[in-house]
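This report concerns only the one structure given below.
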Amino acid sequence: MASQEHWNLENGNVKPLSKEHRHGHGHSHGRTAHNMSSQSLRKKSDLSLVSKVRIGLLRQFLTNLQEVILGTKLSVLFPAIPLAIIAQIYSFGRPWVFGLSLLGLTPLAERVSFLTEQLAFSTGPTVGGLLNATCGNATELIIAIFALYQRKVDVVKYSLLGSIISNLLLVLGTSLFCGGIANMSQEQKYDRKQADVNSQLLLLALLCHMLPLMFKYTATADTLTATPTLQLSRASSIIMLIAYIAYLFFQLKTHRQFFETQVEDDDNNDDVSDEEEAVLSFWSAFAWLVGMTAVIALLSEYVVGTIEDASTSWGLSVSFISIILLPIVGNAAEHAGAVIFAFKNKLIAMFVVPLTVIVAWILGIEMNLDFNLLETGSLALSVLLTAFTLQDGTSHYMKGIALLLAYVVIGACFFVLKTPIVPNANILHLGAKTSSGTVFSA
């Protein structure tokens, strides 16, 4: 009976776990819900024409080119990359540079996931898991570093916050909605162990984000300065990085069975075995990964440098573009795959955000974890709504609708919000002004 099975949410559908997975003895080359999230976007390459090339090196290069560039359904967006570079070189409209760069980042993010998965076949599950955890957030991290370098601290905060909220509400909501519609005649249940660990990490990250904000509003007038808030943020970032390292040890060593995806299904064994075969050698995958990371860095620099011009030209606030548009386009692979609990969301909250604070510290830039009241409130309610959604271990389309509508409401909030971006403006005053102009903070 379907109601008596253990299930796993994957690619928008709830699937029964294999016997090996239920007992924790499966092996998957370090493959997790994260690096399998975009398999629905991949397509098998036809190498019949390439195999006729007689020159060995040329044949190998063409084979790799076909697997990497044409092996995804997002390959139609690759032309946006040279177009963005041409638009930048010849000084076309800067909003065009921004839009083309965003489109170009979309397939690159999905291909990085594919390449790290290929490396995992050669490095083993532990190193492969570390690669997936690090490179899976490469796009967000690179954009954040370039924004920091240009002293656009608010853009960094908005983009990282948007990535977390997008994965929590939009990706998970799409997964639950599509899975519920496709399985309306069955009671869908899934293993709660991974969801419980994820919820704990997110609540810990939320606590670290809320403390600087609460500290600012509860401090007395004598201590209400930027320095204590900055120090608290840096301490909280170190704590989050420690929790992230502990989580990696938990995931990759002591409790791997919680996170391994199903690698054996009696009904679809042939399809899964095809996905398990490496199509690139270690050094080929490594070279492509380095090259694509360099291109991501170039396009990220274009995005950060032109975001204000795009905001002015399109009539959208920088906050809306950073919180809503950037994550939707940058994480299109995850949105299309509709994966379980967006494996990236906790990594962004527990790894990318605190690492960005530490990098800013090294660069001498004062970036704290005070994301202001509206932004932190949106994050808090998103985390709580997600935790309540996953607590009972069941799935249906109504849960997906609730999450999607919550994302729409948050998007509408930042769409109508026209607060200008002020560099290094991290203090939000809530209260009224006296006739002399003094602000009484709440």
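Any Cβ shown, glycine's included, is placed from N, Cα and C.
Taken from TrEMBL, the feature compositional bias 'Basic residues' applies to 20-32.
Per TrEMBL, the feature domain 'Sodium/calcium exchanger membrane region' maps to 96-252 (among others).
Per TrEMBL, domain 'Sodium/calcium exchanger membrane region' is recorded for 285-410 (among others). In terms of DSSP secondary structure, the domain 'Sodium/calcium exchanger membrane region' (285-410) contains 103 helix, 2 strand, 21 coil.
Annotation source TrEMBL lists region 'Disordered' at 1-39.
What TrEMBL records for 68-90 (among others) is transmembrane segment.
Residues or ranges marked as transmembrane segment in TrEMBL: 127-149 (among others).
Annotation source TrEMBL lists transmembrane segment at 161-181 (among others).
Outside the transmembrane segment (201-219), and at least 6 residues removed from its termini, the chain residues within Cβ reach (under 8 Å) are 168, 228-229, 232-233, 236-237, 239-240, 243, 247, 345-346, 349-350, 353-354, 368-373, 376, 379-380, 383, 386-387, 427, 430, 441-442. According to TrEMBL, the feature transmembrane segment maps to 201-219 (among others).
As annotated by TrEMBL, transmembrane segment applies to 231-250 (among others). Same-chain neighbours of the transmembrane segment (231-250): 129-130, 133, 197, 201, 204-205, 208-209, 211-212, 215, 346-347, 349-351, 353-355, 357-358, 361, 367-370, counting only residues six or more beyond its ends whose CB sits under 8 Å from a CB of the stretch.
Listed as Cβ neighbours of the transmembrane segment (278-300) (distance under 8 Å, sequence separation of 6 or more from its ends, same chain) are residues 45, 60, 64, 67-68, 71, 81, 84-85, 101, 104-105, 108-109, 111-112, 115-116, 118-119, 121-123, 135, 138-139, 142-143, 146. What TrEMBL lists as transmembrane segment is 278-300 (among others).
Under the heading transmembrane segment, TrEMBL lists 312-333 (among others).
Among the features that TrEMBL reports, transmembrane segment is placed at 345-365 (among others). For the transmembrane segment (345-365), the list of distant contacts is 34, 133, 136-137, 140-141, 144-145, 148-149, 151, 153, 156, 160, 163-164, 167-168, 171, 198, 201-202, 204-206, 208-209, 233-234, 236-238, 240-241, 243-244, 247: same-chain residues at least six beyond its ends, Cβ to Cβ under 8 Å.
Here TrEMBL flags 371-390 (among others) as transmembrane segment.
Residues or ranges marked as transmembrane segment in TrEMBL: 397-417 (among others). Here the transmembrane segment (397-417) has Cβ contacts under 8 Å with residues 165-166, 168-170, 172-181, 184, 316-317, 319-320, 323-324, 374, 378, 381-382, 385-386, 389 of the same chain, all six or more residues outside its ends.
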